[in-house]
Each structure stands twice: as structure tokens, then as C-alpha cells.
Protein chains: 4
Amino acid sequence: MCGIVGVISKQPVNQLIYDALLLLQHRGQDAAGIVTMQGTKCYMHKARGMVRDVFRTRNMRALPGHVGLGQVRYPTAGNAYSEEEAQPFYVNAPFGIVLVHNGNLTNAMALKDELFDIDRRHINTESDTEVLINILAHELEMAARDLPLTPEEIFKAVGAVHQRIKGSYAVVALIAGHGLLAFRDPHGIRPLCYGVSGDGSEVMLASESVALEGTGHRFVRDIAPGEAVFITTEGQLHSQQCAKDPQLHPCMFEYVYLARPDSVIDGISVYQARLNMGETLAQRLISTMPPSEIDVVIPIPESSRPSAMQLAHKIGKPYREGFVKNRYVGRTFIMPGQSVRKKSVRQKLNAIGLEFKGRNVLLVDDSIVRGTTSKEIVQMAREAGANKVYMASAAPPVKYPNVYGIDMPTQEELIAHDRTMEEIRAYIGADALIYQDVDAMKRVVGALNPSIKGFEASCFDGTYITGDVSVADFAAMKAQRAAQPGDEEDAESRSRLALQSRSDA
Amino acid sequence: MCGIVGVISKQPVNQLIYDALLLLQHRGQDAAGIVTMQGTKCYMHKARGMVRDVFRTRNMRALPGHVGLGQVRYPTAGNAYSEEEAQPFYVNAPFGIVLVHNGNLTNAMALKDELFDIDRRHINTESDTEVLINILAHELEMAARDLPLTPEEIFKAVGAVHQRIKGSYAVVALIAGHGLLAFRDPHGIRPLCYGVSGDGSEVMLASESVALEGTGHRFVRDIAPGEAVFITTEGQLHSQQCAKDPQLHPCMFEYVYLARPDSVIDGISVYQARLNMGETLAQRLISTMPPSEIDVVIPIPESSRPSAMQLAHKIGKPYREGFVKNRYVGRTFIMPGQSVRKKSVRQKLNAIGLEFKGRNVLLVDDSIVRGTTSKEIVQMAREAGANKVYMASAAPPVKYPNVYGIDMPTQEELIAHDRTMEEIRAYIGADALIYQDVDAMKRVVGALNPSIKGFEASCFDGTYITGDVSVADFAAMKAQRAAQPGDEEDAESRSRLALQSRSDA
Amino acid sequence: MCGIVGVISKQPVNQLIYDALLLLQHRGQDAAGIVTMQGTKCYMHKARGMVRDVFRTRNMRALPGHVGLGQVRYPTAGNAYSEEEAQPFYVNAPFGIVLVHNGNLTNAMALKDELFDIDRRHINTESDTEVLINILAHELEMAARDLPLTPEEIFKAVGAVHQRIKGSYAVVALIAGHGLLAFRDPHGIRPLCYGVSGDGSEVMLASESVALEGTGHRFVRDIAPGEAVFITTEGQLHSQQCAKDPQLHPCMFEYVYLARPDSVIDGISVYQARLNMGETLAQRLISTMPPSEIDVVIPIPESSRPSAMQLAHKIGKPYREGFVKNRYVGRTFIMPGQSVRKKSVRQKLNAIGLEFKGRNVLLVDDSIVRGTTSKEIVQMAREAGANKVYMASAAPPVKYPNVYGIDMPTQEELIAHDRTMEEIRAYIGADALIYQDVDAMKRVVGALNPSIKGFEASCFDGTYITGDVSVADFAAMKAQRAAQPGDEEDAESRSRLALQSRSDA
Amino acid sequence: MCGIVGVISKQPVNQLIYDALLLLQHRGQDAAGIVTMQGTKCYMHKARGMVRDVFRTRNMRALPGHVGLGQVRYPTAGNAYSEEEAQPFYVNAPFGIVLVHNGNLTNAMALKDELFDIDRRHINTESDTEVLINILAHELEMAARDLPLTPEEIFKAVGAVHQRIKGSYAVVALIAGHGLLAFRDPHGIRPLCYGVSGDGSEVMLASESVALEGTGHRFVRDIAPGEAVFITTEGQLHSQQCAKDPQLHPCMFEYVYLARPDSVIDGISVYQARLNMGETLAQRLISTMPPSEIDVVIPIPESSRPSAMQLAHKIGKPYREGFVKNRYVGRTFIMPGQSVRKKSVRQKLNAIGLEFKGRNVLLVDDSIVRGTTSKEIVQMAREAGANKVYMASAAPPVKYPNVYGIDMPTQEELIAHDRTMEEIRAYIGADALIYQDVDAMKRVVGALNPSIKGFEASCFDGTYITGDVSVADFAAMKAQRAAQPGDEEDAESRSRLALQSRSDA
């Protein structure tokens, strides 16, 4: 998962992109990068780390120009499919293209071979973004051979890209000397929207509406699934549907915990979606146990707050912030001769005894993935003096892996994979366990924008919308992994090395 | 304001001090430092920045030993009295002493001259901590002249220190080859407590109980005002009252916004204190306006949450988190030829329109200092569509400067200084303004520990407990400042340069 | 001017390239870079600074593979033609090509437009190396369209490159998955040679033979002018003459001061060439003044030593090192409110009084460019007590600019441009001035390899061998510069910014 | 070994100290530090590395003031006696003292215990400089107890210091608010001199005269052995002999290879001393073998040049620079899974074949210590084609360890310890070996300043002038070392950690 942004302005854009990336920082804290363009010359700075650490005054001063794009990257460890190299990526032929990408290509490996063998393009990293930019470069070259590069050729190239690549992708690309191109996969899995400044002279593209509003832009609309938008260097906007059978299926995880509550994605307020999930969760709860057994509703900060608040309101019980989050998270250093200390939830959360002592508490989390965190939190609640500890998940059981860019463990690590509700409850040690219902969730989130026909919710329902991946594949992959030990590690270490010269902090 | 910690253990203490500093990071984000001692040798690392940035693996590996202390420092700009240099401080004679300090000496300037002229001790910074360590060093030298350094001599020296210095101070000091010394000023203005590990083999001193509990220690007790505690290198604890007429007056600001809600300071739960303030604020509100005019209660995150929650509960209105805090804060870069952009509250907060649209909202903040932030927030609430905007402050009007280590603007910058309630309301643009009552606050916070006779609440009531400062002095200082323009700036720039060799990031 | 190196081995090559770059460091101290290839993946590290500072352990560990190349770059200020960006350069299509270059393209500007307009290749810097790699990339794409990339196609592409580019160039390029390509311009202006390891399993290409020998390789031969050498990843070497009418004209400056004395370039020992120049300089001296008037011969360190030593031997006078070079050169820092202090020769040299006092000294320098240094040195000799000070230049008068990659001032700044011998002598303040004769120099250096028909000696004789530049052009350029003030500065500041992410030291 | 400098001026001194340290860089490349004083406040920057790397613009700007001192430190590995911590050192009581030191205290260990037990001063490093500054601090405190600090008290304190410490020391110290103090041990083993600026307003103290002259100062005189010089902040100079029986015995190694040739130390030109050694070496040679057997004299660069030149002149044979020094020295990186590659002389030197082929060469080095380098060089000469290879050492056989601050291996590692001339010759593989005669050396160097009664030449003659060390002690130390394996390593690792906060490059 990542956050991306692009701007065309009449003013320098470096600070603007920086500010937008900060507003998208929750989408990725692993690396950050900005490219700006002045004349036909591009200026890049990217490095591992958070936005605040990556960009210093000298870097910002070296990012001139009125056009640019940026990205924040999520740390995805040991996952050969995911974005491992810092973005943006650059290719110099044809035209000079710089690209940022949020999503995950499911056929990146096959494409990589094609690019090397047939298109004679060198791929120097394991990043699917490098594959994507080269596919786009090749298709632009083909589309514009012996022709001037007009929006028509560009949209033709995007159409060809849609034909070749599979998976989820929201893309912003800069074509040197021409303008800013953005497009979204035919299912619109990953979000992308745009807005304009007050006087209309500035166009900003971003993963979430909060980046637009937080930088003083008026939200205009989401990019449609399969659609491409091209904004010339002069600021003229062209758009066209480039996919054959586009169908909007936004990723459910954006609403569950990924996006900021103050964003509106594909017409749905993330905050309202969470309130609604709290409401259905309350109904589920009531059908399971008498609310009178609950003394207080306590959220696990941060993203479960709206759901927990609404649930508390619904069942008429007090909502209390019984857990304090440790805002300042550090590291565990390995001293010579010491072994690694286990990372604990206790480093991140602290219970306020007053709110637990002698009470029956209902803890509400946004979702339960591995179950290990929930188990520890239940234990903390008991140690803080709780009488009974109930756990509610605002999302349904997470049973299947994600191949569309959400960082998820393998299927075997998912607590809800192959376990009954009772087994999960016993594992986490709660006195009761309440899960969101998957259909109820789709219904109440979907109700906020009736034009949406469905959601990408494969983690919950096992349906992979792009059609090229199935639950059966994962079993095969698992078998293959078992047969080739050490292979993953190699891929990882190789991929950490790229052609780009390193920033040495 | 700062956070301090000290540990005596049978194990390496570097990671422990690091973890404790992270738990105290809210008390100071400007600089951080750790000193450990192995044998009689001390190891130091300190630098500007947050704990996570200051300490890297190589620094931690260079901090061996079973005894140590650490500090996080608050940024205090342009204030000649406050802690401007990174702590810990070190003097090598007598014995070798390392010291960290939370507080502010009100007679530092006079002491500095005394030290130079009479005690022949060189003070190389503007930091009052350097003054404090040299006073302690001198008194230890005097007390132990021709005598072995026993707890008796140490407590005698602390007694002499209490005689010479004025103001607020909570101190942890390491005496090389002897042990860890801690003491608190005779009014106990700044907090200091200690705890022990499960097996009792480890003693930790810290500014707040959360640092003890978050690192697996059992809270034992607060250090009494004027008391000194000395723990030998072998772990034996001695304590003695060293002040003539000690009287506990904890700083009210700790409860208002400074301390973490999950800390207990001088027998008072910070969280409960805030709930209680919410309760009296509700009473004040009810006596001012009919609660029925309010649709929703919205806290200004973070520290006002408990007060707001309790107030909402009391007046029977929904509590909703209508503001989202931007967790990732960046900088505004100054480009060549550009002027400084004004820092705006909007970079820190974002309103969720749903919660404001067409409603009468009651915003609750922990306190109102300059009023500029409140003004902007009221404006944001209106832009988000609020019908009426009421503002409540969980603390009483802030009318006087702080000289005990809380970073406060000058008196003239305080919105409540010399202004009527109506003038303040008009300035911030609210439809109504409700302030906490100062006596009610003292009563309901004090009720949580009846043994406390009073609070250091000079900002609210103008009473300076140490007796050497008065409201009249500030007028004099103001006049003096007006007469010597530029002087403050000089002090600031000089003080930024110290003898310690610089860390070059 | 630069130094370049390339290796194909059966072993890791990072340390080998590093060692070779150190041996070529005298050819460029401004920036350094290495690329290695493992499988088809390339790994790069480059930065400004000297080799020793640019490469740290972590950088070296991130340079795996048995094939690679490197470069050290000379600082060339304000010269739009020269290499301003750190090398190596990389393009990913076709194949993935990495390239290092020593020399200067005289038609880079025209080629840049061609590349952008016709070949649709984006040039992001002012570096002619980026132009060169793109020309090569384009020609490789053309030559190998629909064909496998065999040596035949590669040599065809090099032939086409020779057709398009003008100037001086010695190139080493890595074609991902294929091998290492090296070629030299049709006049062989810049040097390039290769050698093999003892067992023949390793091939190294380098600017100077000293890099081969210093890393344990046996010198095999110089690359011929116009020739291309291609070594496959497996180590098989192919070579072919790719230019139409190649003619060897090595740069005379390599022998005068550029190359290390222990190198042999195009069959001529640099050391022997300098001895020979000393010999003819002695003859010139004798024909000018009686040697009996000279008490001692003193070289200006470093490169004039062999000439001075031979001259002293020839005229039977003692050779003495009367100047000590300050090996450790620092900076002049600009403090706030201070102006820039003039850099002085005295910071670099110090005279030993004993050797000057009361004597008639003959100072020998390798060449005289601006004359300012000579003037200061003459003055130093007088202050050290010399009776008479004579100055001899081992090179003839430098009268014309260099366009083939030697960093030279503009024509107007050259002391020998438009001045008589007497005017120069008067300017530098010597009692006599003796210059090398240009024909004598060509004769005695040329005598060391009779197969060489001529030298690139345009600075001395005004003949520009590539035929596309003439002395008349410089007058035109000068006029143009006068008409467009500030233009150069812009070019410079733009070119300092490149797409490559910066290394932040 | 180190280089030290101190300045009192009417101008800022940071650049001046920096320039002087560069001129003394040959005396130590391991670390560098500067302290300046403005008012009574001191500013320090010090770090490992060379001057050019340690000081950046931001560091220089943070060094204001008209008084200051600096130091460059030699790397001394695994030697518990030597300067291991970066200088300057600082103590804040009494007065505030900053100190730099060149030399080695032979009774540092005993003093350390005294300081801790009796003087109650904390020593936090293994550096004898820290011991020295604390002894000085203590004696200043004693001398000025209840008295104003006048030159009289200061000189009394220096007298007391001379009583307590043993070994070699040249010291410059800054007493905050008072002035600059310099003194030299009663034998004047390590050099120290001073000079003044043209207008006399500026006084500079430095290890070598070259630092004075290279920064525009006129050399005034050497500090006498045992003498102290005190310059007040206002620039008034006081001096006094503070030792009981001072006797000048300058270190012979300064003339052999340590000092710059253009320095004059204790009235002796280093350059002339080396010429003289060349002359006596020539006599020794002639008495050993017929000069006619020698074709050419070749120095091993750098410091043997004057001796070799004079020797060649004396025996009437050509002097030729047959070895080229690799000026740019890098590192050997240890890659995972690789073992350490042996450092070779070949990385530092390269032979020019022309000068060796078929000739009988006489190689001249300044001294032979371990013999391993000589062995390799002889081998290189043979490989370059020499017919016969003779080796001459401008210094006599090095047989004994140095305890006065010259970095020397242990006695067992010295090739001339316990070996006959023939054994040494056989070991290094030369056809003949000629050593300087120790008495001849003393005579011809001493002849340059007849007032000097003797030299510290213990490495050659086994006489330790301070009387507290004897050759017999080394055997005892060796036995002790053998009995306590691992101890040295511990000392080394402990000493690398100091209280000073680290600079993180």
C-alpha cells in the first residue's frame, strides 16, 4: 500500500507535494520520494524513511518546477509481489517518464520476462512499479511511433497497458515536456481522485481526498475505474475511459482501517462507513449477548474509534478511552551477546486501570488479523482488573491473503483461516468474541454510494475480482515455497539493491 | 519542561532508559540524552532531536553499565531562564557527577556569578542545569572535605543546595563510584517518583509513573518535597528529608495537559483529574447556558478528551471526534526568494464535515493560552458547516507567566491577561465561551488526594509559591526588555553554543 | 578530464575497481562512481568527493558481481561542454546500458536536440556523457533491431556512433546480460588500454597502465584509435576497427602533466617523455643563457621533477627540492560578515630558505597557464633570499583553449595568449624566462614511439585535429558570451541538478 | 605524537587555528580538535578524522572568539600509555581550563590513582592528557587558593606539575577569563615554539615553526625546557623557568622523519639535519663498499629525500626518483565471507622500471623499524629489473621502544633488536645494508646548534633521559603481558568510549 500525489501548477510545487505526502503518510512510512520537472528536466529525491526525515531544506531546494509527483511507500517485507523499491521510477526513453504507483500487479513476473526478452527493456529491481513504467513506456513508444504525442496516442497506450497488466493500480506519471498522466485499474481497486485550487489554476491528483483538502484544493471527483486523465503542462485536462469493461470495486480495507476517517473515497465517507460498521456490529452484538452484561465500550486506538463510539451509542453504554497509545515508538536494540527481545503490544498501548477495574469491558478493534495482538490486549485488560473481557471486530474474519497491495501475512498466519469462532475466541482468551458480518458490512458501506456494484473484499470472501488469482493458487504457492527453502530470502536481499544511487544518511 | 529518569540495576540499563525516555517523550521533544556508568567510567550520548532519532545502534552499544540516567528536553525558545542546553551535564570534580534536571531555577543568574567569582567554577552555557550541577558539586566538596562520602554527607550537601537555589527542580544525579542521588524541591513543584522491578533488584526513578509501569516496574512512591533519595551502586536505598519546611504544591499544569493521562502524580490520577475537570466544567456550562442548545460535544485532540467525554456524559449530549489530528507533521521550507508561510492550525487538524454540518457544537480544549489557535479552530468549525460554535476551556483563564519550567509566552501574549471574558469570546469568534473556575478546579483535583494542601497554579492565580518572584516583577522585566532591544536574541544565540562537542547529523 | 576503468572477472570486482580508481585519482577528484553487475542486475554507487570518501563499507557491500566499471571525475567549473554530472550513466532501454567516459564531445549541444526531437530520448543533465550513452543506446537499438545482439551488431553500432559524435572520447560501457564494450575516438586523443590477470581469467580496461599494474594485471596493449573491444560476460574478447580513417593523435598534456610518470601511454613512458622534455629544455636554456649563472635547479613539485632533474643533470648543476608542498590542503571558510580570502600559492608551497639564500635559482615548472602561480612562486623565491630567479617551463607557451576534456581557462586568461615572451617574463617577475619549444617537444616525445604520426597539441599549436573546431570559433564564442551575460551561470546551476537521487553526506 | 597550536589575537582565530593544524597534519591524522573562547565561554569541536574532514562550515561558525587552541592526534593503537582520546580536554573547576598536549606521561597510571583517591577528581578516559589537565587543575587550585590568579601563581602551579608528572610533554592550555598558558617538559623532548604577527598584536604557539610561518607569523623563539609562558587575554606575555634542573634534549626522531623539512626545531633546520645525515651516511657507505658499484641513488619517498640527495651528491652518483608514491590511499574492505587482505607496500609505492633495469641501485630510507617494508621494497626493486639492490638507512638501528610519544612497535617487533647486521640484511634481502652511525648522527645534527648538550635518542641508544624508565623495565612489561592475555584489548576497547558526546558522521 502506498500514497501517491501529482500536481500541475503555475507555482513551485515542492512544498505542496511534501504537504500532501504528509497527509498521506498513514498509507506508507517506509520510503518517500518526490520528482519535479522544470522545463524538460526532472529533479528527484527519494529515500527510505518518513517524509519528515527524507526531505531536508537542501533536498527541497533541489526540487524546482511547477509540475511534479510524489509517493509514500508501505513497508512490505519478504513479499516478492509488492513494491520494494523506492518510488518514483524513471525511464528516459521514450520522452522521459517518471511514475508513481499504488497497488500490486499480479502478473509482474511474467511481464518482466516479456520486457527483457521481447521489448529489450532492462528491469533492475524486483519492484512491479518498474515493470509498470516500462510497459507504459513501451506502449507509448508503440502508440506514438512516427506520430506526435497527443492525448489520443496517450490514451491508446493506456488502453494497451490495461490489456497487458493485471491486478490493482492507481498511477500518476509525468511525461517530460508533455504533462501529467493518471489512470486507475479497470476495477478501481485502489483509490485516486483529483481536485483544483480555488482559482482553478492548479490541479492535484491524490490517493485520498484529505490530501486535496488539507492543501487547500477543492475535491472535484474520483478517477473512474479504467479511466485515464491527462493534464498538459499548460493545465488543460483531457480524460477518457481506456478499459473495455470497467467496473468499480473499491478495496474494502480502505474503509476498514487504511484510509483516514476524514477522506471520502468513491463517494463514501470513510468516517461514516466506520460509524455504519459500528451500527451493524452493535446489532450483531445484541443478537449474541445482552448488552446489559457490558459496563463500558473501549476502542483499541486509533481506527476503531468511530465504530466503537457508534456501537456504544447504539447499545446505550458509556464509551471510554481506556487505552492510551504510546505515541513515541522506539526500537529494541540488539546488544552484542543479547538475543532479540519480543516486540510487545505493551510498548504501544497502556491501560488506564480506572476504566477496567471490576468492569465488564467490550473491546472494539477494527479487525483481527493474526490474533496475537488481540490476545495480548485481552490479557492487558484482565491485568488492569477487568471482570469480563469481550472482544468485537468491526471487520469480518480475515481468511484469505491479499494480492492487491495490502500488506497481509500468509494464509496460514491468519487466525480466522481454518478455525471456528470458538477456537479463535479461546485463542485470544476473550469471554466472548463478536465479528462483523461480511454481507452486513458490504450492505451498510455500499449503502453510502448505491452506484457501487461491489467491493474488492477478497480477504473476507475469497473472491479475487481480477480473475487471474484464486484461493486454490495459494495452496499451490505454499507447496512451492516449502519445496524451495531460502528462495524468498534471496529475492528479498537482491531486491534491496537497485541501480539508483543510494542516499547515505 | 522535561522528563528525567535514573536506574540502578544488575543488568545493562541502556535499553531500559531508552524505553523510559520514549514513555516520557511527551514531556520534551527537543533533545535527548543518556549517561551510563560502568565501573567509575561514564558514557554519554546526547543530541537534539527526538529519542528515536538521537539513539542509533552504535550509540546504544557505546552506553554500557548497570547504572545510568537520561533526559528528554522541551524546546524553550528565547527564554534565558530555561533549560537550553542538552542534558545530562557532567563535572569531573569532585568525584565525577552527572546530572539531569526538570524544572527551572529562578535565581540562576545570581548563582552563576557566585559560582564564577567565589567558587571559581566555570559555567559554559546559559543552562540553569549547569548552575545546579556546579552548586551540587561545590556543596558535595564542602560537605565531604576530608571525610568519606557517606549518605550523611550527601544529604547534608542536598540541604545546602536547597538553601542556595530557588525555583522548581526535580533532579537525578549520578556520583561516580558511589551511586544515584535524587531530590525534589521543597514545594515538590515538578514530579518525581520511583519504583522497583518485580524481584526488587532494580530501582527506577522517573518524572511520571507511566515510565515505571511501561518498563515493567512497580510504582513504590513519589519522592517527597525536599526529600533526597540516595541509592548506592549496590542498590541500597537511603532517604532523608533535607529541606527545612517542605510543603507539597504540585504543578497544576501536569494535570491540565502536561502529564500522560495514565500517570498518577502525587497520588492523583491524571485521567481522573481530567474527568473531574470535565465535571465541574459541565456545571459551569449548565449555569451559563441551557445544554439543550448543544447538539454535540467535540474535543480538540488530544488532552482534552477525558474532560470533554465526561462533560458530554454529564450534560447528556453525544461526544464525537469531529476533528482528526494530522499525526505526521512536517515543515515549511523557505525557498530562496520566498517569505515564511504562516503556520496554521489547519496543518495539524482537519474537521469531519458530517459532525459539524448544521449542528450547534461545543468544542472543548484543555486550556486557552494565546487564543490564536482557538480562533482558528472556531473558524474551521464554522467552515465545516456548524450552526453555532461554543468553546469551553477545561482550565481557568491563563493570566500570568510561568517561572517553574512550563514553556509559556510573555504576559502580554496571554489572551486572558487584561481582557474581559466578552473580549476573549469576541476575539476567538465563538458564540459562547465557558472557562473552568480556578477554585472549582483546585477543589476537584485536590479532592483526589486530600493530603495535598495546595497547588502551584501561578498561571491562573498569580501566586508564586517560592516567594522570590511576584507578578510585579514581570512588569519590571517588561520595562527592562523594552529598554534593551535585541538582548534576548543575543542571549539565545550565545546559549546555543556550548563546550560540548557537537553531533553532526 | 577523468579516469575510467572496467573489469570482467570470475571474482567479485568491487575492491578491484576501487583500487584502480585510487590509482587514477590524479585524473579527477571531484566525483567517483562504480557500477557492478550480477546476473542482469546492476548496482551503482556514485557521489561527489574523492574515492576514499565516496565508498564506505556499506556501499562496497552493495556492489556485488563479477563485472563492473568505474570513473573518477575532474572538477570542471562553468564549462558547458564538460562532464558535470557524476558518472556512470545508465539507460534501461535497450538492454540496460551503463557507461563511463573520459573526454569531451564538441557537438554535444546539437546531438542533444537531435536526441530529444528525433530519437525521443530524454536528456536530464548537461553532461555530454548522457548524450553519448543515449547515442550509443539508439545506435545499438537500430543495429540490433530484430536481430540477436552479437559483436557484429555492437561494432556496427560503434561505427554509427563514430559517425555522429565529434571530439575526444574513451568509453567503457556495460551492456546488461551481454558484456563490456570499450572504444576510443578515431584520433585516440584520450588514452585507454587493457591488461589481463596472471592466469588470464580477468580483463581490465583502464585510462592508464598504472591502474593495470597497480592491481596485479599485465599490460596487454592500448586500444587503437577508432577501435572497439567487446568482452563477453564469459570473458571472450572481440575487437574491431570501427572508424573510417583512424589516426593516432594522443593528447600531449598527458605527457606534460596529466598522467602519472609511471604510466606508459600509447607506447611512450610518461616519465621518459618528461626526462626528454628536460633535455630539450636544457638545450633551449643553454642557447639562451650561460648555465654558469645558475647555482641550483629547483622543481615546482610534483610533475616537473623528472624534467628538472634531467635538466640539472644536463647543465651540470645541483638539483635541490627547495619547495616543500603542503600535502594537507584545507578550505577557507566564509564567516558571517567576512569576505572571501584570496587563495594563495603559499598555502600549497613553502620555500626552504637554505636553498635560496644568496643563490641564482632556476625554477622549473611543467607548464605556465595563467601565470599567476608562477608570479607568486618567483616572489616567494625572492623572499626566501634568492639572488636571481629564472623560470623555465617544460611545456611550450599555452596559447589556445582545450576542447578535448582538459580543464583550461578561456583564451583571454592564458598568459601566453597575445603576449610576447618579454611581456610574460615581466608579468611573472623572473630575471629570465625559458620556454620549451613546441616542435622540439613533439620531436623528443614522438621519438619514443615512432609509429605515432602526431599529437593533439592544440593548446600549443592551435590545430584542432577533429576538424570541427578552430581558433576562429573562440573569438565568436567570446563575442557571444559578452552578449549574453549570466547565461553560463544558469547552465552551471541547472546542470548541478540531475534526476539521480542525491547522496546526502 | 601530535601537533598542537594556540593563539591569542585581536581577531577571530578559528580559521587561523585550522590553517595551523593543516600545517601540522603530518604530526597526527587520527583526530583533530579546536577550542575557542569568547568572553569566558568556550566553544569546542573535535572528532576523529583529518582536519579537512573534521571541520565543516557549520563547525567553524560555531567557534567564535579571539583566543583558542587546537590539536591533531596521531593514531596509536593498543598502547595504554598514549593519547587515545580526542583533544582538547576540558575541566570546569577551577576557572575552566582547556588543554592540548603533545607527548606521553610515563607515570600516568600512578597519577590516575592519586587523582581519584586523594584529589577526588574523576578521570573518565585512558588518555594521559586527561590526567595532565587534572593535575594542572589541582595545582592551580592549590596555588591560587584564596589568592587572585596572577602569573606568579600560575608559574608556581606549573612548577608543582613538573614535580608530579614524568615523561615528555609540550602543553598549551587556556584558562577561562585569564589567558593562554604553555609549557614544555624539563628536557624539552617534544618541541614547542612561538611567533608573532607582523604588527605584534597576535601571538601563536605551535609544535613546529612551519605552522607559524605558513600562517604569516614571525618565529620568535622556542619555549625553553621547563619554561612556562603565559599570555593574558589582553596579549601581555609573561615567562618563567619553572623546572629545577632543566636540560634540553630534543627528540632525535623529529629530525629523522617526524617534522617537516622546512621547520626549524630548537635552532636546528630539519632539512639541514637530513642533509647532514646524508653526508655521514655517505661516509659510512664509502667505508663499507666502493661507490663505483652503485649506478643510481633512489630515495624511498618522502622524508629520506634530502639525505639521499646529499648522499648521491657526495658519492658522485645520479639521484633518481625511481619510486612513485600513490598519493591516494584507500582501504581494503572486508566483504562477508572474505578474510582480511594483507596490506602491501605495493599499494603505496610503484617502481619506474626505467630507473631499475639492469642497474645497481642504492635505496635510501629514513629509518628501518620492523624491516617488513624494506624487505618488500627490495623485492620490488628486484622485480623492476635491478641488478644489485643496496639499502641504506639514514637513521641508526632502532633497537629500543619509545616511551615519549613516538608510536613504535614493541621491542620484539623491532628488526634491529637482538639481530646482527648480517641477519638484518639477510632478512630484508638486500645485497648490502648500510646503517647510519648513532654517534655520527648525534654529532652532525648537534653541530647545527652547539648549545644543545644531548638528544633524546633512546630508540637508538637505550638511554631514557627522564630516569624513570629503563630498558630492563621492558623485559618485565613483556613478561607481565604474557601472563595477562587479553588485557591490552580490554584497555583499548574501554578507552574508545568517553564521556564526550560522539560526533556521528
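Each residue, glycine too, has its Cβ placed from N, Cα and C.
Keep in mind that this is a model prediction, so the values were computed, not measured.
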Worksheet item: TrEMBL has B:Asp365, B:Asp366 binding Mg(2+). Which one of B:Ser292, B:Ser303 is in the same site?
Response: B:Ser303
Fill in: Long-range Cβ environment of B:Asp366 (Mg(2+) binding site), under 8 Å and at least 6 residues apart
B:Val256, B:Tyr257, B:Arg274, B:Ile300, B:Ser303, B:Ser304, B:Ser307, B:Ser393, B:Ala394, B:Ala395
Response to the item:
Row B:Asp365 (Mg(2+) binding site), column other C-beta within 10 angstroms, all chains, value 22
Response to the item:
B:Cys2 (active site, nucleophile) sits from B:Asp365 (Mg(2+) binding site) (Cα to Cα, rounded, in Å) at a distance of 23
Discussion item. Can you tell me how many other Cβ atoms are located within 10 Å of the Cβ belonging to B:Ser303 (Mg(2+) binding site)?
Written reply: 22
Discussion item. Within the domain 'Glutamine amidotransferase type-2' (B:2-234), what mean pLDDT does the predicted structure show?
Written reply: 93
Discussion item. My list of binding-site residues is B:Ser303, B:Asp365, B:Asp366; which of them have a Cβ under 8 Å from any chain A Cβ, in sequence order?
Written reply: none
Discussion item. With an 8 Å cut-off on Cβ distance to the B:Ser303, B:Asp365, B:Asp366 Cβ center, who else from the chain surrounds the Mg(2+) site?
Written reply: B:Val256, B:Tyr257, B:Pro299, B:Ile300, B:Glu302, B:Ser304, B:Ser307, B:Val364, B:Ser367, B:Ser393, B:Ala394, B:Ala395
